[in-house]
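Encoded as structure tokens, the structure appears first; notes follow it.
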């Protein structure tokens, strides 16, 4: 690439500089950013994070500057190197598991050991016998064997009972034969399987004496421990490029009658008696289902932070990007930052409010879960059941809000949002599968329907459970004849009640359709989806509200959080207006007032605090890896630097004429290391 | 990569085969696919297309099978080669411009000559004098010079008046000095500029004797015609990777006082008199603004087809993908194709209806435009003005529907939708900028507001224009005191009237706020957005309705198109329910009926015809490049083939242990050519 000429190096952006604009934005608000960050994350966690951040930044391996340019092949190679380096760093720095996870979060891309660590080892520990722990978990903990969790198949995802891979018990040899009878039986989408794993925890239909006992987990070696080549009769590889997640080797796996020893079947909950060949159930596997609730609550909490990256980037850039002067002030000389436009505010600020709402909701649910487990004896069971239902509903809602919100943020950045340097596109691509995994967001609504139908029947029988859902259903039944009105304009508690009313009403509506009108299940799926949204939105609103009630903070923080609460709730109410009016939770007039409160009042109240509210999310520039979202506002300088200096395509000259068979004319291999 | 073992090659998908499933889907409907295709595209165009398709398929250069694996660097190199090959093919096959465009459409990825062809040459022809045509257009037509259209800058997009690049007239030397005074003056996002162009049509502020005359177009050489290296004092390059469009070299460009001759300024509409140094206006540049209406109508029409790719893929795959048995028929042995689930239908079928609605709307507008131009004398002017306003509104609505609909289709494919092999992800990425370019979809709503405000004032003064907008405004004023009711359940014409009523009501609402309540422009932007949606949705509904009225086709076609019309209209009405009730276009009860008509009736009516309705879009497998969307239903075979055989990552072995510094252990370079 031709050296950047000196006359280019001297150029500055025109007009007020980004740094000055962000500085005056920050000066205009009195929200104490550091205190708010600590309220979100705790001081201790922030300190840990900063220490780990400094370590990562000092390692060349974790320099992010080449990331956006690499093709998948080279990017995955780098990703393997990074996974190894991070594991070695953990040992060198003596990181706890929590600290290791913080490091992964800061790196912000999937690493190919993560399913080994997050699923293979965890499954071994949860479901293995002491003998299996000794045999498998120990070498796995030492990375002598690298594993994955192989459940999903080419032909089956959500319907686990339909899996086609078989594990047939051979009584004479006391072994299992692992087999893939069809192409659709191929394991598919399995993270860390494609290239990394030499072992897999394979979910397969257990067959004893011709009878199927349903899916069970088997620990199977698939690659040679030395050459890492696939073992005989094992066909394994990477499933190819994806919309995102390309630093992960999602893989496929087929068996052709591969025999494995008796110890392969994880036997904490059930086993095949090697002598009698009888299937023996030893414990209830439901015992471990609680962890799924935990995982889902984590997704809810992370959805806030996932979305906050996009909101941070878009808000900072919108404070710098100026476009047109105000139509009603034609004499203004300087163009207006687009963050002043109401059409930009209405897109970004409700999402800003959602980041806080989702974070507090996830956190509250995790606390509730911990407390319920401690008090399982006195009512904890009903709370756990409720947490299961509401965490399914919330997982679906929160990941959808985050995914769709990130795209709104990207588009709010205008043309530059489409550049990889915006930092939103890649992040969106990597976050995107969240709407499909850990329960597809649409499928989950049927599970939620199961739960609320049961709850509604109990409430109608006067036996409403002593949990959140039971409470709102019982309240609804108590008051439905008098049709209460909620003062959504001046009472936050009444806003919560209106959301509860709408959710309860939709729940009883599907209960009526199913139980009294005998509507077919399939004809109710769309109703379930709508009910799920109402139910989950209520959970978010009530958790946000409770957090405000229970939080002691500086008055500036309490005040701005209360505004965010009302913005989130009233904007949602406006978006779902026809639900609220149809269920009698609001009148059409109230909806109109809610809308104008949002548009004419709350957006304006948030405006001066917008920058500080995103700053409180405390994303380092290293984490965001975004030109547009730079903390110092050097947006254009960074865009230009990445395009002009780092872009490998600028180290080649094209022959542009159609007659010439040559396309690229020269390539300098070196990748410049200098940074802005 | 280890050879695929023979036992793998013998595997088939389980259960009913995809081919059989699609065959029985097709057998279950009597919609004449070929006739419907001809109604969409004309027989002549389809024949042309098939001939070109055969040519492209026979050329190895246009084999798409390596596309999904390449990193940007190598992909762009391939893209340059393809651009050249296509140009040479055009000459060899003697293609017309229309045929060349069909070929581009079939290749379905941006090619780096396209801004040369679509913008540079067109601008020269539209805005050049005969002398400039001779000097620039001729060599450009022969690809001796390769150009681009350099308007957008790093710091300025929509606000063209704010461009910072200057072209200063030097009276003594009779030249212009092109200069970039700031970093933000750098041209940015310019297609074909990054690597290909040796000339640029640069929009720059014309300055004569210290006075600015606003942006004007200048033809400037930027690279050496032989070495293709940038000329002195020109800094030019590629702006880097993007969310999509990575086969295009969007570029940046900076000038350091580069002097160009007098002939550089395109002078059909205005020029600098070289002797007097006076600015001379020669014709009204508004003359060429009509073409922008044409371009926008094209975007509307293409939005139907862009979306139809996703709908085709998702519908075909959903007919094959089976998941769970029907809950109310627990004894069913075979799992149900997910296309039978109402939650899948409610996501896909309204989009299927939208593809037809948008296609017919775009087509109708282009016809109207042609006719209006022919009859400019008798009323054409008012129709053209109306076409301008409605095409802005429709561009915003239709590209948003297509972009968001494509993502809905991708997610409706479940986990496999995330694979590049779904064929939706890359297409989405390439289509995505449509919501931002040719007028950002949010910015456009202000232009629409300008137009409808004028129209509303005219209507109030009893001088409603004789065009579509004038018509609905006048009707509204005539009837608003009697508040008519529309029979949306049984009359298609009344559905159209309800959409017109809502749109007119929202238009008068903003007119009232602006003119009577003196609301600030900035406080109306969200209202403009809502009005724009209502106005554009009315245009789609009325154009779809008129097409049905004016189309003679087989009764099966007329019947299914009428169902699609009602599905599109009533589903939209349900989505926008609070608008319809608030404006009095519908009652809450009517909304509820519309919803249940959609969910309990129309979805079921479309179900048997879904496959044939997507088949009628006539996408060849070559075009879709999708495993999931294959016409023959060999979904799983194709997924597996691409993953196992074509994927370059499967030609390498990883060393998975953290202690080892080696990551990839061997690479075989050869790319297999065999196809499924």
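Placement of Cβ uses the backbone N, Cα and C atoms for every residue, glycine included.
The structure displayed is predicted, hence computed values, not measured ones.
According to DSSP, residue A:438 (active site, proton acceptor) is assigned to coil rather than to any helix or strand. Residues annotated as active site, proton acceptor in TrEMBL: A:438.
Sequence annotations record features per position, and here TrEMBL assigns FAD binding site to A:152, A:191. Within 10 Å of the C-beta of residue A:152 (FAD binding site) there are 19 other C-beta atoms, taking all protein chains into account.
The domain 'Acyl-coenzyme A oxidase N-terminal' feature in TrEMBL is assigned to A:33-146.
As a whole-number mean, the pLDDT of the domain 'Acyl-CoA oxidase/dehydrogenase middle' (A:148-258) in this prediction is 96. Taken from TrEMBL, the feature domain 'Acyl-CoA oxidase/dehydrogenase middle' covers A:148-258.
Under the heading domain 'Acyl-CoA oxidase C-alpha1', TrEMBL lists A:289-453.
According to TrEMBL, the domain 'Acyl-CoA oxidase C-terminal' annotation covers A:493-656.
As annotated by TrEMBL, region 'Disordered' applies to A:1-21. Residues of the same chain lying 6 or more positions beyond the ends of the region 'Disordered' (A:1-21) and with a Cβ under 8 Å from any Cβ of it are 319-320, 322, 334-335, 337, 630, 632-637, 644-645, 650-651, 668.
Here the recorded positions are A:191, A:438, and the one ringed by the most other CB atoms within 10 angstroms is A:191. Looking at residue A:191 (FAD binding site) and residue A:438 (active site, proton acceptor), their Cα atoms lie 13 Å from each other. Put simply, residue A:438 (active site, proton acceptor) is 11 Å from residue A:152 (FAD binding site) when counted between their Cα atoms.
Residue A:152 (FAD binding site) falls within neither a helix nor a strand when secondary structure is assigned with DSSP, and so counts as coil.
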